[in-house]
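Report on the following structure.
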Amino acid sequence: LDEVCEMLQSAKLSEVKNVADLTNSTFSKDPLCTDTLIFSQSLRIPLQSSILTSTHMLNIQDRSVCVAVSVLQPLLFDKGDILVAGSFSAPTVAHVAVAAAAHSGRVLVCGTDHTASQTEEMKELLSQMDIKNVKVLSEAFCSLAEWNNAVRRLKVIIVLPQCSSSALNDPVTTMHSEHGDWNLLPDLSHGSVSKSKIFSLTTQQARLLAHAVSFQKVQTVVYSTRSVCPEENEQLVRQVLDKTHTHPKLLPFRVSGPIFPDDSTSGDETDSKFFRLQPSQFTNGCFVARLSRQ
């Protein structure tokens, strides 16, 4: 991080402490994510053509995704695998893989859940970055059985489902980069997503989360959306946990929190166990829940 900061400063960008002070000639270290820098949206195109990005010293992602990956880092086990489920980009897989590599862990991705072009994009980026600890499984996540030999070291699952994207200021950019659902754009342009689409989304979200907490050897599940809707967030998490039947010899999954105990933005006024990054003019929003066996 320090090396990248020095290169940015040599390119006449200066560091500011407060995200609210960002301009097109400044950057800031992310107070929540130790491996992340925050830039003004106006710098996106210049950064994309910079040598930092072309050499992958700097990878451009939406902050709402970086926060979810940051939550993973203190939860990783040495030589334990992480499975990424849902809808996400190649840079997100690479970000998780770098975190896993620090603990000699692998990242598992269910290839059937993605299009052929998305899988190829993932493999190409991983090759460019010389990342070798990612394994693409042939199964779909919801058909993956815990006795499958490929998941024998699985300890952590991160669920990044398709969601309403209602916490995004400009959903187009993030939908494009993270393979979002373009069918939601007409609803978002009118300020809200229809009940029928929310129902369809929550059905799939609950299916993914319920399968994630069914793995007996998994110790932690991280669930994250870019939504402000309680139906996709805390309500869904509680409903899934209430319906989950745990083996009598195992500890059940419980919501663990607060996620960022040193930060004033963690949680909300009624329940600090969930983390919400509120959307603002400087950043998109997200919701994160951490479920651990207790």
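The backbone N, Cα and C atoms fix where each Cβ goes, and this holds for glycine too.
Taken from TrEMBL, the feature S-adenosyl-L-methionine binding site applies to Asp113. What TrEMBL lists as domain 'SAM-dependent MTase RsmB/NOP-type' is 1-294.
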What mean pLDDT does the predicted model reach across the domain 'SAM-dependent MTase RsmB/NOP-type' (1-294)?
90
Residues near Asp113 (S-adenosyl-L-methionine binding site) in space but at least six apart in sequence (CB under 8 A):
Ala85, Gly86, Ser87, Ala140, Phe141
